[in-house]
Every structure is written in structure tokens, then in C-alpha cells.
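Before any comments, here is the structure.
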Amino acid sequence: SQVSLEEESQNPPAVGHWKPLMPSKGDKEEPEGGCQDAGGVHEAQSTEQLDVSRLRSSSVEIREKGSEFLRDELHKAQKELKLKDKECERLSKVREQLEQELEELTASLFEEAHKMVREANTKQAAAEKQLREARGKIDMLQAEVTALKTLVITSTPSSPNRELHPQLQSPSKGGFRKGHGRNKSTSSAMVSAASQNVAPEPVSRECREVDSILFAEFQAWKESPTLDKSCSFLDRIYREDVGPCLDFTKQELSELVRVAVEQNTLTIEPVASQAVPVGKVAAEECGGPKKCALSGLPRTCKHRIMLGDSGNYYYISPSCRARITAVCNFFTYIRYIQQGLVRQDVELMYWEVMRLRREMSLAKLGFYPSEM
């Protein structure tokens with residue numbers, strides 16, 4: 001009993017004593033003396049072992065609950081990790097697909113860009129070739145127009161260009177020596193008479209003065225050339241020259257002729273140059289070789305006109321042809337100016353327009369060359 005007390009004093013219990021709620025049956029009567037001491041020691045040991053077993057059971061229970069919680073957390077983390085792996089795999093596939101599409105798009109864009117560059121180079125080369133050809137044609141036309149205008153401008157009634165009018169060439173010195181032989185006195189008399197007849201009379205130099213109003217109107221039109229007759233320059237010429245020049249007896253046909261001249265679709269051709277079947281002449285042509293379709297007067301008609309592509313021909317007299325030709329020459333010249341084919345000083349162009357207006361004035365008054 002002493003040993004047990006010493007052990008009990010040396011090893012105090014970790015937890016307080018647990019006292020039983022109900023005393024056991026053996027505890028009803030307390031033994032006397034040593035029996036009582038032995039029973040107390042035995043009871044203390046059993047209480048201590050019960051406390052230790054309870055502590056062990058509680059620690060085991062806590063350990064099991066902790067491990068179960070950790071297993072649940074680990075399982076959740078593994079599930080989340082699997083989901084993350086699947087998401088990463090899906091995003092990787094999307095990235096690869098996008099990279100492939102980007103490469104294909106880049107390649108197609110480069111190919112399309114190279115194709116467009118090749119087409120642009122081809123078109124540029126063709127355009128440059130056409131430009132060179134057009135410039136060559138323009139230079140050639142300008143040279144021809146310049147040459148023609150030089151010949152036309154240098155030919156005036158006061159000083160006609162003899163290259164354009166060969167009938168004005170003076171007869172050669174030996175022209176009167178041909179034919180039958182005559183005596184010297186008669187031949188010399190004929191030559192002297194002929195020389196007196198063909199000797200040119202001194203012609204006074206033509207004086208010109210620019211009308212300020214007409215020149216101002218022409219300059220304003222020259223800044224922005226147009227064929228619209230609403231501008232002051234063309235409106236004046238329509239009223240003073242074109243209208244009266246194309247005003248014939250047959251009003252309906254005159255209007256058609258005026259429209260054809262404005263649209264540059266009128267054709268004039270000699271009658272004797274092309275033979276027309278009799279049926280076609282009777283069915284489609286107006287007038288005839290002995291009657292003018294515009295004036296309605298009996299005249300010898302050496303030319304005929306066609307309006308556009310109608311196929312209908314109209315015989316015209318020399319006077320009507322001169323009037324139509326004068327108007328056509330005027331429109332041709334102003335079209336050249338509008339297209340930039342005339343490269344002269346403004347004053348020279350103005351005087352050429354005035355010359356063409358004079359031709360229209362003379363034609364509407366009935367003056368025309370004999371070769372008409």
C-alpha cells in the first residue's frame with residue numbers, strides 16, 4: 001500500500017479524477033482497515049486507465065476526422081485540377097486553330113496583294129503604252145492642224161494662198177506661144193494684150209480692228225470652251241450667223257439640217273461620185289438633180305446630203321451647199337479649240353473665228369465660189 005501511494009504521488013493523473021455517479025454494489029459497506037486502503041488504490045488506478053483510454057479514443061477520433069477532411073479537400077483539389085487541365089487543353093486547341101487560321105489568312109492576303117500588284121503593273125504598262133501612242137497621235141494631229149491652219153489663215157480674199165487656189169496661178173510666159181504660127185507683130189500684140197489683161201491690180205492692204213465686246217466674249221468662252229449655245233459668245237453667233245445661214249424655205253428640213261450640223265452627223269457627197277439605184281432614189285431622196293430640197297427652187301444640184309444614219313438623201317443646190325459648208329467649218333474649228341487641238345495666240349484664234357463668221361455672212365447673202 002505504501003508503494004502504491006508513492007507511485008500515485010510521483011505520477012499524478014493528467015486529468016482530474018472522474019467520480020462515479022452511482023456507487024457500485026461493493027461500495028455499500030466500507031471495509032475496515034487494510035481492505036479499505038487497497039480498494040482506494042485499485043479505484044484510483046482504474047480511474048486513471050479510464051482517463052487514458054478516453055484520451056486515446058478522442059485523439060484517434062480527431063485524427064480520423066482530420067484525415068477524412070484532408071481526403072475530401074484533396075479530392076476537391078484533384079477535381080478542380082482535372083477541370084483546369086481540360087480547360088487548358090481546350091484553350092490550347094483554340095490557340096492552335098487560331099494560329100493556323102491566321103497563317104492561312106496571312107498567306108492568302110500576301111498572295112492577293114502580289115496578284116493585285118502584278119495586275120496593277122500590267123495595267124500601268126498598258127496605260128503608259130496607250131498614253132505614248134495617244135501623245136504620238138496628238139502630236140501628229142497637231143502638226144497637221146498647224147499646217148492646215150497656216151495654209152487657211154494665210155489665204156484671204158485680199159491675198160489668197162495660190163497653193164490652195166491653183167486657178168489663181170498666172171499663166172506661163174510660153175502659154176501663148178502654143179497653137180498655130182502667126183507673124184511676129186500679131187504674136188507680140190496678143191502677148192502684150194494678154195499681159196495687160198492678167199496684170200494684177202495693186203490691192204490695198206486689209207485693215208482690221210478688234211471689237212472689244214466680241215473679243216471679250218470670245219476670251220470668256222476660251223477660258224471654258226463649250227458647245228452650249230447659252231453662253232454669250234455662241235448665242236450671238238447663233239443669232240447673227242448660224243440661224244440666218246441655215247434658214248431655208250423648207251423649215252422642217254432646215255431644222256433637221258441644223259441639228260445634224262450641231263451633232264456633227266451630216267454628210268455631203270457629190271452626186272456623180274456614187275451611183276444610186278433608181279428605186280432607192282425615187283423612194284428615199286427628196287428633190288432631184290434639177291430641184292433643191294432646201295430651197296424648193298429649180299436648180300442644178302451637184303451634191304446631196306444625208307442626215308445621220310437615216311439613209312435618206314436630199315439634193316441641194318450650190319448656194320445651199322455653200323451655206324451648210326460655212327456653218328460646218330465654223331463648228332469644226334470651235335470643236336478643235338474645245339479639244340485643245342489649236343495652239344495659237346488668242347488673237348489669232350479670234351480672227352480665224354471672225355473669218356469663218358464672214359464666210360457664213362457671205363454664204364447667207366448668196367455669195368459662193370464658182371466651183372461649188
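Glycine is treated like the rest: Cβ placed from N, Cα and C.
Automatic, uncurated: that is what TrEMBL annotation is.
Per TrEMBL, the feature coiled coil maps to 67-151. What TrEMBL records for 44-58, 156-172, 184-197 is compositional bias 'Polar residues'. What TrEMBL lists as domain 'GDP/GTP exchange factor Sec2 N-terminal' is 58-149. Taken from TrEMBL, the feature region 'Disordered' covers 1-58, 156-197.
Shown for the compositional bias 'Polar residues' (44-58): DSSP residue counts in helix, strand and coil, namely 15 helix, 0 strand, 0 coil. Mean model confidence for the coiled coil (67-151) is a pLDDT of 88.
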